[in-house]
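*Asks:* What Swiss-Prot records for this protein is below:
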- 67, 68, 69, 70, 71, 72, 73, 74: ATP binding site (BINDING)
- 331-354: region 'Disordered' (REGION)
- 345-354: compositional bias 'Basic and acidic residues' (COMPBIAS)
């Protein structure tokens, strides 16, 4: 629909005044001088990258990963950091729980010598550090472990047993308003790890909720629910966990998709095992009886041997990964965000701090 000449002149004058006052680029047409594709970082799990619809976690956004204890939350974020570092990106880990194990992080592929780490005393300090790193424009990925450990200063300085209703929720709400714009401007990915709490007196529906109030639920572009659904065994020994991740909220693609993968103790996500499964599913890898073949060449008898072969031949593994991504991501279009709060419940505004 055409705009008449007087309106065009008035609009041009208004845009010129806005840019003069607030700087160039402060207002523009949505499709002007910018890529519509979202830049992403791999999660370290091929099936989860595909479930997210964009090939990974989106840069310049807030992401929340929550689940029960020992479900793989920290492992998943360390895999994201390792993937980002392999691309030459700078990463920071805000260890509010004071529980980061550098030896374990190194086993997962994290370059701990170049990983920025902070163990803040208060929640406010942790969030100010996040904001300072984002505003610097020099940090690409920030992980906060965890929201539940972001204790307000007033609570730390008070007595155990004092009531501090809503303090953490208010602190998170203020931080989200401040951080969202800075993260977008600097194209920094901020990942919050969160814990689960139970609502008291819930008779129907899911009683689970996350800590820190509701602000994070609104501001997060992606919310991932991670659960341990079984054990990985070698004979009688448990060597890992079968893990399921549900994309509860997704603003960059269709939500509610799921991914299942293995987390092996001391190794992290079993990426090459996923590659074998997805390769067979997409008919890139042939399976005849117990034998697996690629391009007519046998790569192993049994999944374990095929996985080991791919690990020893990274060039072939990369080739298969590229083909899988092209097949499974090319037809996924972005859709509006129809996702709601945890497990299908609508979000109710509250000042309660769980």
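Just so you know, glycine gets a Cβ as well, placed from its N, Cα and C.
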*Asks:* Using the centroid of the Cβ atoms of 67, 68, 69, 70, 71, 72, 73, 74 as reference, list every other same-chain residue with Cβ within 8 Å of it (recorded ATP site), in sequence order.
*Replies:* 226, 228
*Asks:* I'd like the number of other C-beta atoms within 10 A of the C-beta of residue 67 (ATP binding site), please.
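*Replies:* Its Cβ shell of radius 10 Å holds 24 other Cβ atoms.
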*Asks:* Hey, does DSSP put residue 73 (ATP binding site) in a helix, a strand, or just coil?
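*Replies:* DSSP assigns residue 73 (ATP binding site) to helix.
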*Asks:* Counting every protein chain present, what is the number of Cβ atoms, excluding its own, within 10 Å of the Cβ of residue 69 (ATP binding site)?
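*Replies:* Taking every protein chain into account, the count is 8.
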*Asks:* Determine the Cβ neighbour count for residue 71 (ATP binding site): the number of other Cβ atoms within 10 Å of its Cβ.
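*Replies:* I count 22 other Cβ atoms within 10 Å of it.
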*Asks:* Based on Cβ atoms within 10 Å, give me the single least packed residue among the binding-site residues 70, 74.
*Replies:* 70
*Asks:* Please give me the CB contact count at 10 A for residue 73 (ATP binding site), counting all chains in the structure.
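*Replies:* That number is 21.
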